[in-house]
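Novice: Okay, here's the structure, questions in a sec.
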Amino acid sequence: MLFPRYSFWIVFFVTLSWRLYYVSQRKNWWILHPDEVFQILEVAHSELYGYGFRPYEYLPDEKSEVSIARAQELDLGMYSLRSFIVPKIFVMIAYISDRIGFQGHHFLVWKLFHAVVTSFLPVSVFRFAFILTKSRDISMLSCILTASSVTLGVFGTHTLINSFLSPFIFSALSDIFQFMDLNRLSKPDIIHNKYPSESKEYNDKKCGLRDHNQNNFDFDMNSSESPKEKCFNPDSEQLQCKGIHHRKKPLQEMAEEASGHVTNSRSSICSKSVRSAFSTFVLGICVYIRPDSLVLIVFLFLPYSLDIFKQRIHICRKFVVLLTSFSVALLLCALDDVVSYGSLVLSPIQWIKFNVLSNYSSVIFGSSEFNFYFKEVFYRDVSALTLLSLFASGFLIQLIYKDSALKCSVKLLFSVVSIFMTYSFQKHKELRFIHDVLPFIFILYSSAFMFIMDTVSNNKKRAGNFKLLLFSSFSFYVASQISIFPSDFDLSSQKWTYMGRTDTSHVNECLNFVSKQNDVTGVFLDRSVHMTGAFSVLHRNVFLLSLIHNEFKEFDNNQSRYISQSVFDSRSHLSLSIHSKVSNYISVYNTPYLLKVLIENQNYNYLVMKCDRKFIDFGYEEVFKSGSMHVLKRKFSLEDEDKLRAVALGISMGDNPRILNYEASWLLTFELYQLAESKLHQSLKLQMENLQAFQLLLELYKRKGNSKDARSVLKYCLSKFPESDCRDKPNRDVIHSIYKKISSEI
């Protein structure tokens, strides 16, 4: 063997140590994708502390008393899309950390916990590959490739559901694969007086890859005895064969093991049944949490379906065990959904309706070209191309020599290609969606690598050079993956982050600083809150005015909170921030009015802004800086406050009628009628012949039931426009191209 027996634990501890160190550094708190915060951490934080953001995926299907904005989301099916199981796990971790006296930030605790869980993925892949291929070296190479992969490393250091569930999925698949092949695996090769290489059962066994590094035999090159004679001579003191564990054992010892097998088979079968039942239960929970993982499971087992169904005697019993465990898991998860959402709803069904059947995810979040996944996995960098070339070479050699391992490679390759094609037909694509396919690819790479090693070893003259070249290529891949691991400080994270943001770690450091201040009453954030740790990092129940897409939204901790019952503690109620319920809405094209709001609302005493942002040079002082971001604190001195009031008095609600109409239309959607009315009156002051402003005012007064003002506005409108135009419903002016695309396709 190329590697010592327990090498995978060395890989695990190295991976664990590095990831724990990486996530513990605040400079590495950059945001890969909004879901790493809003689908786990913000939900857990709001359950713990009673405040925080709650994304639409975790909101119930309210039947009444919702804003127009929320009603529009409900019409699109944007509710009850996620199970609360993962956030509940993170809540329990926070409880445990509090009980043991941990004084750090829960945001850090959760990132450390996630890093610990994801560090087990290389070990899970090792075990899965070993059960699949029966080769320790192939398994170790797969383990190393998984641990060193920059893609899996990035996902493993960011709190995504995909990376969190992956170790559990592979561990469960390992037990299920072993269980479905239980009858064959429990038979020693010596039964029926047949040696392994002569047994048809051995040669036909499912996915029977050789342990390539041993070249099937371990013999002295200078010995006159042929490998076959040395291996299969019953008089030989040692017997070398391809058995299940790839070990050299005395013939007598193997015979004793065979005789003892009958008495131990019942207990062995029972223990494996229990273990596989538990693993299937875990897999059922994972599928419920992440319904798309079912695609991976189906296509993984599909090539082996004939091999599985050939086991006629035990197949019924095995499937009863597995299906029962899987069904119990789904049932318990469904009950959790009913309790959490307060109604009969199944989050996987809702997820499939929204993301697959209606395909709204591609409309709202964007679509990619068909070959997106192929380019991201195989053509991302030189090292990926190197491994792809090695695999292609090894696979071609296997085809030429008709190697016995080819059957396994073809089956796994079929699974990988099928999964790739299935995901590629979905318009909305993200690399994290195929997170669990990458280890399968690494197993294929490792198998091809070991086969090439086995082949070149037959040429004694050139074997050394070939092995050096192969190991150099493999080492180059591992080293290159480690060297290109992204960071916000050298802008290498730009090609990884959502929308290419490179300052998210700086923003989180600023929010972390603000969280430690005792006088915080409100925070202004001129970066998208989606690309921050939000309340999970801020950890203060205060006013928040933040950029979201192309507008600034205000989340008032008193007026615009969404009241909900806790899903973790039925006795408590939560005051949540949701994106469809805000207290103000300001376009990025109306920044003077934004300054007016910041000055007049003295709750906003901390501003997190870009260092190069133009801002007034009095009334605020810099108290913290991180990279391109800094924190300004309001000084509240008498002289400065007088100057600020004078500035605010000189600023109107806006000077562009189109922008004012645009803001007012959204304020109507959020049912902020008073603000919308003020905006529209300002718009009419600037431009009297403003049909859209009249239409919006009429709509506003109708909703308020104010018929007197509605008649007055209609009368004035009729003096300038035809009656049919005045009575038409106002069309929302979409001033951003991305909004035009969404509004036209929904």
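Numbering starts at 1 and runs along the chain as displayed.
Cβ atoms are placed via backbone N, Cα and C, with glycine included.
As annotated by TrEMBL, transmembrane segment applies to 6-23, 79-96, 108-129, 141-161, 281-303, 315-335, 382-401, 408-425, 437-456, 468-485.
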Novice: May I ask which of the stretches 6-23, 108-129, 382-401, 408-425, 437-456 has the most CB pairs under 8 A with the transmembrane segment (281-303)?
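Specialist: The stretch with the most contacts is 408-425.
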Novice: Compare 141-161, 382-401, 468-485 by their Cβ pairs under 8 Å to the transmembrane segment (108-129) and return the stretch that comes out on top.
Specialist: 141-161
Novice: Are the transmembrane segment (141-161) and the transmembrane segment (6-23) near each other by the rule of at least 3 C-beta pairs under 8 angstroms (pairs 6 or more apart)?
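Specialist: In contact, yes.
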Novice: Using a Cβ-Cβ cut-off of under 8 Å, list the residues of the same chain that are 6+ residues beyond the ends of the transmembrane segment (382-401) and lie near it.
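Specialist: Distal contacts: 145, 409, 413, 444-445, 447-449, 451-452, 455, 470, 473-474, 476-477, 480-481.
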